[in-house]
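Summarising the annotation, TrEMBL assigns domain 'L-seryl-tRNA selenium transferase N-terminal' to 7-46. According to TrEMBL, the feature N6-(pyridoxal phosphate)lysine maps to 296.
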Ligand SMILES: *Cc1c(COP(=O)(O)O)cnc(C)c1O
């Protein structure tokens with residue numbers, strides 16, 4: 001059979017569109033959509049036919065066309081952005097959307113997003129008002145600041161604060177704090193964007209108060225302190241505390257801007273973690289402007305909060321960049337709800353998922369991991385590995401054993417460039433498949449309707465249970481039911 005004859009076997013678009021199974025797709029997806037899918041599949045089939053050697057092969061190719069059309073249509077319907085199961089143990093995983101929101105924030109966002117609100121409307125005067133003023137007082141009560149506002153994210157907050165307070169002048173920063181946060185956020189570049197000139201003080205490992213004093217000139221408009229949230233300088237070091245710098249700032253009438261990065265509003269020591277400077281401390285130590293993220297350790301939506309002295313917040317509010325960086329209405333609603341949770345400091349870890357995950361004890365995590373491992377083994381029909389290591393190995397060698405599913409200690413991280421040196425002990429469910437590689441298992445799990453993201457180490461797939469939401473327990477068992485996901489050539 002020559003190529004032209006093979007091409008002639010390809011069904012015509014118009015005829016395909018009248019076929020019964022295609023008609024059924026049209027009733028579900030609409031004529032236009034199906035027409036596009038048919039054209040796209042036929043185009044690909046034509047290329048496929050060019051590679052077919054025999055008539056038989058060509059017929060097999062053509063027989064697959066309706067199924068391919070169905071798959072294309074289903075692919076178009078599927079949302080691109082979807083929930084995932086976070087088994088990485090990284091609580092603020094930037095790739096996975098950082099902080100999950102708690103119930104009150106979700107409710108607040110939903111209530112506001114679906115209708116009109118007084119987002120920028122002064123109800124008393126009956127006219128246009130200012131965005132974010134609705135919860136300014138609340139932010140002030142929680143942080144102790146005189147005034148506050150919020151923008152799209154903390155990178156925006158720092159850019160805006162620098163532009164408004166120091167644009168056209170110089171900003172003095174310690175060389176030990178010229179950081180890159182990730183995703184291209186570098187302090188020197190942000191400074192340049194904000195129209196301020198960088199004036200470096202001290203050295204990478206040591207900066208003293210006199211270094212700041214010597215860097216001051218007639219052009220100095222601000223001191224900037226950046227919390228080195230994603231790295232530590234250790235060894236022969238010295239730095240100037242925020243309190244000391246604020247004293248110098250007051251004496252020289254130079255405002256101090258503190259980029260705190262992750263905005264912590266509680267003392268993390270109560271969860272057995274290292275102390276991380278809180279927003280309240282920065283305000284109390286005299287920082288004139290404090291910038292921090294909404295979706296890092298604060299546990300809220302993506303936002304950049306700027307809190308500080310009224311004089312500077314007013315100045316920042318009037319800067320034209322505010323319009324470009326403004327916060328969206330459902331973010332504002334969620335942010336307000338999260339701040340409200342911080343008015344009750346005895347129960348935040350119940351209401352704020354990030355703090356809940358941080359506060360979980362090793363004991364409770366081990367139990368959670370053991371329960372999960374047992375359900376997965378059960379679902380996959382695998383015997384318990386709950387025996388001596390020798391016995392376990394002997395059983396694992398037996399033919400027909402699909403995998404070893406066990407519980408192992410592991411280390412969680414806060415992520416989001418916070419608490420970089422902190423090891424947070426946790427437990428993982430580990431799966432060591434026998435017929436396929438751990439990489440292949442990881443790939444199969446990522447391909448699921450709700451993808452499961454984990455870590456691979458030593459030929460085992462690790463799921464740190466600290467970040468796996470309780471509600472996914474049943475879903476994970478379903479995935480392992482029957483053990484097909486672990487089988488070579490199985491239909492995962
Ligand atoms: C994370 C971080 C930022 C950026 O905050 P985003 O909310 O991600 O925009 C800025 N500065 C520091 C010190 C940070 O840790």
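Numbers here mean position along the shown chain, with the first residue as 1.
Just so you know, glycine gets a Cβ as well, placed from its N, Cα and C.
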For the domain 'L-seryl-tRNA selenium transferase N-terminal' (7-46), could you work out the same-chain residues 6 or more beyond its ends whose Cβ comes under 8 Å from its Cβ atoms? 58-59, 61-62, 65-66, 68-70, 72-73, 76-77
CB neighbours of residue 296 (N6-(pyridoxal phosphate)lysine) within 10 A? 27
Suppose you look only at the domain 'L-seryl-tRNA selenium transferase N-terminal' (7-46); what would the mean pLDDT be? 91
With helix taken as DSSP H, G or I, strand as E or B and everything else coil, how many residues of the domain 'L-seryl-tRNA selenium transferase N-terminal' (7-46) land in each class? 34 helix, 0 strand, 6 coil
